[in-house]
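K.L.:
Got a structure here, written out as structure tokens. Questions coming.
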Amino acid sequence: MYEGAVQELIDELGRLPGVGPKSAQRLAFHILEADPQDMKRLVEAITTVKERVKFCTVCGNVTEQELCNICRDPRRDPSIICVVEESKDVLAVERTRSFRGRYHVLGGAINPIAGVGPEQLRIRELLTRLNDGAIQEIIIATDPNLEGEATATYLARMLKSIGITVTRLASGLPVGGDLEYADEVTLGRAFEGRRNALS
């Protein structure tokens, strides 16, 4: 264990997702040894992203404007909405070039152990989007893990009464995996083979 500022930096870096104690230590020492100008640019980039980036008022994706570039794009099919957990999942789906509709970012998944229920997600906003009658299909593209499956089942049951086609990505994605780590071919095939979410 280190003392003072070094340990504080290691502790803070260790709070980042996917960064364990050893990685936090390596990052901290890289920062200590790096060129001060490089670190200044890093700090400025972090500050800038926290100041400028917000969430799209329609879909919840990250953007620097009121609407994200996908919601602003008139070439996107507004009748199909792909529901994902996080903004990083939008990028994963976009890499496939298989989907030309629009998105809805929930901001997470149902996880009772972590205290995340449907009311903490952007489900009300999704229902509001369905009110105009233009949406014909909802594709549920949550992660194929316990939380993602719980969220998909909840959404499918809730949307069934509305009379909109609700589909779920096909198998091919590893159970327990994260959507953002799927390769383009696997994710593309999952889109092509999507199925009714209640079957």
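Placed from the backbone N, Cα and C atoms, the Cβ positions cover glycine too.
Summarising the annotation, Swiss-Prot assigns zinc finger to 56-71. According to Swiss-Prot, the domain 'Toprim' annotation covers 79-174, on the basis of sequence analysis.
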K.L.:
Any idea what the model's mean pLDDT is for the zinc finger (56-71)?
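P.N.:
In the predicted model, the zinc finger (56-71) has a mean pLDDT of 97.
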K.L.:
Determine how many residues of the domain 'Toprim' (79-174) DSSP places in helix, in strand and in coil.
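P.N.:
DSSP composition of the domain 'Toprim' (79-174): 39 helix, 23 strand, 34 coil.
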